[in-house]
Amino acid sequence: MDGMHMNSTGDNPIEIDFENYANHMNKFLMAHIICMIIAYVFILPAGIVLAMAKSKAHIPVQIVYVILTLIGYIFAHISHHKASPENYYKGNIHRPVGRFFMWITFLIAIVGITTSILKKRMLKEYQPAAEAPGAMEDPEQALQRNSLDDGAPLLPREGNSSDEYLPPQSSRRDVSSEKPSIPSISFINIRSWRTIPKKWCVLQVLRYFHRILGHLWLYVGFFESCTGIVLLAGIFKGQHIFNGLAHWIKGAIFLWYGILSFGEYLGAFSEYGWAWNVVPKQLSEKRFAKYVPTKEMVESFLLFAYGVSNVWLEHLGNTDGKWNHHDLQHASLAFMLWWAGLCGILVESKVVHRLLNATLSATLGQRRSEDSEHSENGLPSYNVFPALTVFFTGIMMSAHDQTNHVSTVIHVLWGRLLAAAAIARICTYIMLYLKPPSSPWPTRPPTEIITSFCLICGGAMFMASSYDVVNKIRLNEMSPMLIMNISVAFTCIVMGLEVMFLILKGYASSR
């Protein structure tokens, strides 16, 4: 479908937008862009990793992020009123969605500050009147430590406020020699919730709400950045929006796939066994461990959801409503992702493992104690369906016929990058199958660097292969090589920032 509607006449609306889009660029808009880049690319990720490291510095960083976001929003508002009406992008969602996200940003900040204040107040209640030397405990460790023994209800201490709770006297610990610890309701028996003070429940709910929103805000910032680029460049108008959505959604998925893969290589999510490591025994024995999906299950589900949601998207961009061979190519690709993702989900499912073992279990007269080999030994999964799906996506899109040379070359380049990423991932599986990891520390197979690099670079070039973007490349007489160079540089910047943020997390955790 790319390039099918190319218009070489001088009144091409895309060409007019491209030549005049600089009219948008006043000093207030530039200030808005700079503020948002600093806030979303540097400050927000730093605040997230500091919060994950339980550092007290994450609150000041979060305040700086909110202030920068507010200043950037004000600059954007001024810029909009100074722009001439003919430069408005009618029907854009960047401004209304940005306004909504601004309020959510304030909500996140309020929740974070409230949680911090509430935690400090409750910690004071749990400090004995006369502290013994060396009795002080790190507040965050106190919050993390669970005073519930096997879900036993908490009982108030005699002679003290009813807000101070201790384990029942039947506990084997000598509670008289300890200061009361702060209960955690993360993974305890639900029946014991009624015996926990309501303020503890409120604190834990606020903490998890703040943590979840903080992680989601990375993707929100990326979404707003993409809509801002679309607004500034004047692309994806009218029926072209469907072609733009199809390419940018797909490209963004592969781009974030690569970012997460590189994070796993560096050691992120190692507590779940996602860093090509053995799941730590202390965590695998916890009650919640059996509910944590494998990395391959998450990847398969994302491919499945992506395939289901993108079957008809390219066809909707047709002005005549008729099916052509480009529509069939895109629909068949979506069906492949749909069913390949479903195969990956089924292969990774513990329920399916039990059913597949049912015949042997009946013959032996016993059931396996665990659902799968990798869960039994704490080893990573060797489900290759996600890698195969990415490989064939790259191979097929490399052969995706286009109506102009620039679009054809760009499709070939990012298709080969995705295929290379899949091959590198399969090499990772082969190496780990021949020599499985034996330590809870991240294995860091070198092939995962290639996988991550090719996914990020391929995803960026995927987004650049949409119809309107290719037209702008041609109108400005740029070559596919330049787009490749920009994508490679962008990939190196992203991976470098990711390393620095995880270094910051490790440094904060060590302190």
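Keep in mind that glycine also has a Cβ here, set from the backbone N, Cα and C atoms.
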(message) If you check Swiss-Prot for phosphoserine, which of Ser8, Ser162, Ser369 comes up?
(response) Ser162
(message) Among Ser147, Ser170, Ser438, which is the one flagged in Swiss-Prot as phosphoserine?
(response) Ser147
(request) Can you dig through Swiss-Prot and tell me which residue of Ser161, Ser171, Ser181, Ser375 is labelled phosphoserine? (result) Ser161
(message) How about the transmembrane segment (412-432) with the transmembrane segment (449-469) - do they touch, taking at least 3 C-beta pairs under 8 Å (6 or more apart in sequence) as contact?
(response) yes
(message) Give the nonlocal contacts of the transmembrane segment (249-269) in its own chain as ranges (CB under 8 Å, at least six residues past its ends).
(response) 219, 222, 226, 275-276, 295, 299, 302, 306, 310, 313, 390, 414, 418, 421, 441-442, 444-445, 448-449, 451-465, 491, 494-495, 498-499, 502
(message) For the transmembrane segment (33-53), I need the partner stretch with the highest count of C-beta pairs below 8 angstroms, choosing only from 332-352, 449-469, 483-503.
(response) 483-503
(message) Before we move on, state whether the transmembrane segment (449-469) and the transmembrane segment (483-503) share at least 3 Cβ pairs under 8 Å, counting only pairs 6 or more apart in sequence.
(response) yes
